[in-house]
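**Q** Here you go, one structure.
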Amino acid sequence: MAKDVEGPEGFQTRDYEDPPPTPFFDAEELTKWSLYRAVIAEFVATLLFLYVTVLTVIGYKIQSDTKAGGVDCGGVGILGIAWAFGGMIFILVYCTAGISGGHINPAVTFGLFLARKVSLIRAVLYMVAQCLGAICGVGFVKAFQSSHYVNYGGGANFLADGYNTGTGLAAEIIGTFVLVYTVFSATDPKRNARDSHVPVLAPLPIGFAVFMVHLATIPITGTGINPARSFGAAVIFNKSKPWDDHWIFWVGPFIGAAIAAFYHQFVLRASGSKSLGSFRSAANV
C-alpha cells in the first residue's frame with residue numbers, strides 16, 4: 001500500500017493508497033473480543049475523564065467562593081479548567097488509541113462513523129459506553145464531594161446568562177468542528193505517510209484543541225463539545241436548567257462533527273472527486 005518516494009525538498013515520503021472504507025454494518029464484529037475490549041476502554045476512559053475534570057470544576061468554584069472563605073482569584077481559574085480537560089484528553093487518547101482509537105466522545109465517534117472509519121455497530125456501542133462511563137465518573141464525584149456537589153452546580157453544562165440559544169448552539173458547533181477536524185488531521189494515515197519527516201503525536205494536538213476550545217467557550221456554555229460529558233453531568237445533577245438546555249449539547253456537537261467529517265473527507269482529501277473520477281474511468285472502459 002505504500003512505498004518510499006522522493007518528496008519536496010529531498011525528504012523521503014511514502015506513496016499512499018487509502019484503505020477501503022469500513023463496512024456500514026459488520027455483524028462479524030460482534031464475535032470478536034477486540035470490539036468488547038475497545039468498548040470497555042471507552043467506558044473506563046470516559047469515566048476517568050469526567051471524574052478528574054468535574055472535580056476540577058467543583059474545586060475551582062469552592063476555592064473562589066468568597067462566601068465560603070475562598071478568594072476571588074482562588075483556585076485554578078478558567079485556564080486551569082481548560083488545562084484539566086485538554087490534559088486529560090491528551091493522556092486518555094494516548095492510553096487508549098491503540099485499543100479503541102481513543103474517541104472518548106460521541107461526537108468524535110459520529111464524525112468517524114460518517115467518514116466510514118468505524119462501523120455502525122462499533123459507533124453505537126462506543127456511544128453507549130461513553131455515556132455510561134460519564135454517568136459513573138460524575139457519580140463518583142458526587143459520592144466523594146457530596147457536601148459541595150449540588151451547591152456548586154455539579155459540573156453541569158448549561159447556557160450562561162446573557163447568551164441566547166443561537167449563540168450557545170453556534171459555540172458548540174464551532175468548538176466541536178475544531179476538535180473533530182483536529183482528530184481527522186492528526187490521525188490521517190495519508191498525511192503521516194506523506195509527511196513522515198514531520199512526526200505528529202496525535203494525542204497532543206487533540207488535547208490542545210480541547211484546551212483552546214474550552215478557553216473560548218467556558219463563559220458561554222461551560223463547554224460541552226462532548227455529548228457524553230454533558231449527559232453524565234446532567235443525569236447526576238438532575239436539575240431543570242441543565243436539562244432545559246441539554247439539546248444544545250447533542251445537536252451542536254453532532255452538527256459540528258458532521259461538518260468536520262465532510263470538510264476533511266470531501267474538501268481536503270477530495271474523496272468525492274476521486275470516487276467520481278474512478279466511476280468515470282470505469283464507465284469509459
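Cβ atoms here come from the backbone N, Cα and C positions, even for glycine.
Note that TrEMBL annotation is computational and uncurated.
Feature table excerpt (TrEMBL):
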COMPBIAS  1-17  compositional bias 'Basic and acidic residues'
REGION    1-21  region 'Disordered'
TRANSMEM  39-60  transmembrane segment
TRANSMEM  80-102  transmembrane segment
TRANSMEM  123-145  transmembrane segment
TRANSMEM  165-186  transmembrane segment
TRANSMEM  198-220  transmembrane segment
TRANSMEM  247-268  transmembrane segment
**Q** Take the C-beta pairs under 8 A between the transmembrane segment (123-145) and each of 39-60, 80-102, 165-186, 198-220, 247-268. Which stretch has the highest count?
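**A** Between the candidates 39-60, 80-102, 165-186, 198-220, 247-268, the best contact partner of the transmembrane segment (123-145) is 39-60.
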**Q** Determine which residues of the chain contact the transmembrane segment (165-186) at the Cβ level, with the cut-off under 8 Å and only residues 6 or more beyond its ends counted.
**A** 105, 107-108, 111-112, 115, 159, 200, 202, 205-206, 208-210, 212-213, 216-217, 220-221, 223-225, 245, 248-249, 251-257, 259-261, 263-265
**Q** Below 8 angstroms Cβ to Cβ, which residues of this chain, lying six or more residues outside the transmembrane segment (247-268), approach it?
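**A** The answer is 105-108, 110-112, 114-115, 157, 159, 165, 168-177, 179-181, 183-185, 188, 221, 224-227, 230-231.
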